[in-house]
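To start, the structure under review is shown below, and the notes come after it.
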């Protein structure tokens, strides 16, 4: 946990960091992908305070499976901050390339039924979906699921850069330290950015910073989710809360005593780190020079 004074200092440091890097690399402003979640809310707010609202452009890129509540939260945040924004559905692009053929059509099915169906597939196609995701292993149907959700972030990345380069802006990312260490991001998707201002902050610390920055309560109370597959939350993938996960990650990083933690959860975090490190390190895989 960060003390109140440290949170304020961190906020000011990040505002200065964004402003300095934008100028150092000759960018004219910043583009941020806004999802309606806490990470993008914090980053958008930081960019506005660093650069002014006239030099920040927000892009909201929902698709068929996106939460309507999150979409509204994203729009409300942009309007509250007074930034220029564009809302563009990527459903037509995903449909055109055949992504939705990997998943049954929703038509008029209630969201609750879709979520139950997804959870059933999540639990039956793999004994440990998150680890299998990091290892790129599993039955064919599971691998199709990986392709299904990863393409969404990669399409978003292309559109973010399209909007940024038209303006001479930087793409500012929203990945936090917990996501980075555990591999909860899409390679060449949401990790492909120019500046990552919150990658040193664990998820629980991002929440503390969000409170300092007056991020709307509705966003703070929402269960963190990648909003890529209906019904799947971050904590469901990890099999533990962010509070537990961050506490274990911090202790491992500082080589502190773990005897008061659940041994099974500690072992799980270690496994996640083992595979996520390889995921990060092997970008791209190259031929070793002799």
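Just so you know, glycine gets a Cβ as well, placed from its N, Cα and C.
On a predicted model such as this, the values are computed, not experimentally measured, just so you know.
Sequence-distant contacts (6 or more apart, same chain, Cβ under 8 Å) of residue 33 (ATP binding site) comprise 40, 58, 59, 60, 61, 156, 160, 171, 174, 190. Feature annotation from Swiss-Prot assigns ATP binding site to 33, 34, 35, 36, 37, 38, 39, 40, 174, 203, 225.
Around residue 179 (Mg(2+) binding site), taking its Cβ as the centre, 23 other Cβ atoms fall within 10 Å, counting all chains. The Mg(2+) binding site annotation in Swiss-Prot covers 39, 179 and is backed by sequence analysis.
In the three-state DSSP assignment, the secondary structure recorded for residue 154 (deamido-NAD(+) binding site) is helix. Within the same chain, the residues at least 6 positions away from residue 154 (deamido-NAD(+) binding site) whose Cβ sits under 8 Å from its Cβ are 186, 188, 189, listed in sequence order. If you look up Swiss-Prot, you'll see 154, 187, 194 marked as deamido-NAD(+) binding site, on the strength of sequence analysis.
For the binding-site residues 174, 225, the greatest number of Cβ atoms within 10 Å around a candidate Cβ is found at 174.
Counting only same-chain residues at least 6 apart in sequence, those with a Cβ under 8 Å from the Cβ of residue 37 (ATP binding site) are 70, 174, 219, 222, 224, 225, 227.
The secondary structure of residue 179 (Mg(2+) binding site), as reduced to three states from DSSP, is helical.
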